[in-house]
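In TrEMBL this protein carries:
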DOMAIN    18-122  domain 'Acyl-CoA dehydrogenase/oxidase N-terminal'
DOMAIN    126-222  domain 'Acyl-CoA oxidase/dehydrogenase middle'
DOMAIN    237-384  domain 'Acyl-CoA dehydrogenase/oxidase C-terminal'
Amino acid sequence: MSTGNSVIPSSVLGADERKLVAEFVDERIRPVATELDETERFPEEIYREMGKIGLFGITVPEKFGGFGGTALDYLFVMESLSYGYASVADQCGLVEILGSLLGNYGTPEQQEQYLRPMLSAEKRCAYALTEPGSGSDLGSITTRAVRSGDGWVLTGEKIYIHNAPVADFAVVLAVTDPELGKRGGISVFLVDVDQPGVSRAYHEHKMGQRASQVGGLVFDSVPLSADALLGEEGKAFGYMMKVLAKGRLGISGLSLGISRAALDAATRQSLDRSQFGKPISANQGISFSLATVATELRAGTALSVEAARALDTGAADAETLCSMAKLYASEGCVRHADAAVQVFGGNGFIRGYEVERLYRDARITKIYEGTSEMQRLIISRAVLKGAAA
Ligand SMILES: Cc1cc2nc3c(=O)[nH]c(=O)nc-3n(C[C@H](O)[C@H](O)[C@H](O)COP(=O)(O)OP(=O)(O)OC[C@H]3O[C@@H](n4cnc5c(N)ncnc54)[C@H](O)[C@@H]3O)c2cc1C
């Protein structure tokens, strides 16, 4: 078993660091993935170790305690961690998004209070956009922050928030000017989850990625000081659109990791399992399925690498490429996990087999960080704009 064969290149991450990531995945994540899935527990010990060995804040500058790498390095890390277990990669992705927000728009005080402890795994974060009435259409959120003296009062409800049951603080999107809406009326706030007025509503029990803690947050007239505002008032939409492109690249990496794990497991099984007196891999019905997965995995990797390099160079089409990478890799990993289950036959349907978990873990990748339909919307707009120009 080895993750050394990730074909995603890196730029700042050198050979020794790549090896360290691969060993961490093989020795610390893969052996506990089944147990984490069954117990749905937060992988506390893995989380702390990730903070210690520098797997949080891959693109965040070193001066803030990040790794100081590129989007390409981030893609490599996400793919590698997800080859171990997607719920662990999720934590890396979450910290990356909030690390980018805090690094780009935070004040020195906010960076000291939230960014550094988050990168060293002393504080856990959540980012809270989705509401009962607002998912794909983020511009329709109703959580409201109203000015009160120097500060604000926050009221509203967020649902399906990663880490809500375990977070120390949340980055919360709220309306500050209903007249302006998403064109200047939505802002971002840093909210300590253990303060009066904030409640963790519930803990969801999910189909897959079950060690990822997902739940609701309710804000009942929560008083916030003026320095709870992250960046400038009304700028949230622009901030989020930028970091969400990186978030989508991260989910493309996570999806590729699921595909690679599915391909590895299915390949081994096809060689180990015999029927009709020969390994099942001797049947083209099986070996051609492996060929298709391997080819699509390479194609998804190439597209994701192109998207990462576009983000790193600030290319005009970077956001579109990130949507393409997310769309292709996420839809791919759902098909690839399905193909792996088929190679395993009945075993593939039984709890405890890796491919059964991969099949469940894959499904959410087509939904979170923007659904496949939203990615097609972004991509088609770029296609049509290009044609009209
Ligand atoms: C496990 C999990 C973790 C999550 N983590 C977080 C988190 O940490 N923070 C956070 O803020 N949110 C999080 N989410 C929420 C997630 O981002 C949303 O579920 C997702 O954006 C879709 O929103 P929705 O569920 O409201 O679906 P809806 O927006 O109601 O969409 C329902 C369906 O309609 C389609 N649809 C909607 N509008 C259009 C359109 N214009 N054209 C075509 N099709 C359309 C969608 O693609 C989808 O298929 C998480 C969700 C889950 C399940």
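A Cβ is built for glycine as well, from the same backbone N, Cα and C atoms used for every other residue.
Any TrEMBL annotation is an automated prediction that lacks curation.
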The mean pLDDT across the domain 'Acyl-CoA dehydrogenase/oxidase C-terminal' (237-384) is 97
DSSP-assigned states of the domain 'Acyl-CoA dehydrogenase/oxidase N-terminal' (18-122) in counts, ordered helix, strand, coil: 81 helix, 0 strand, 24 coil
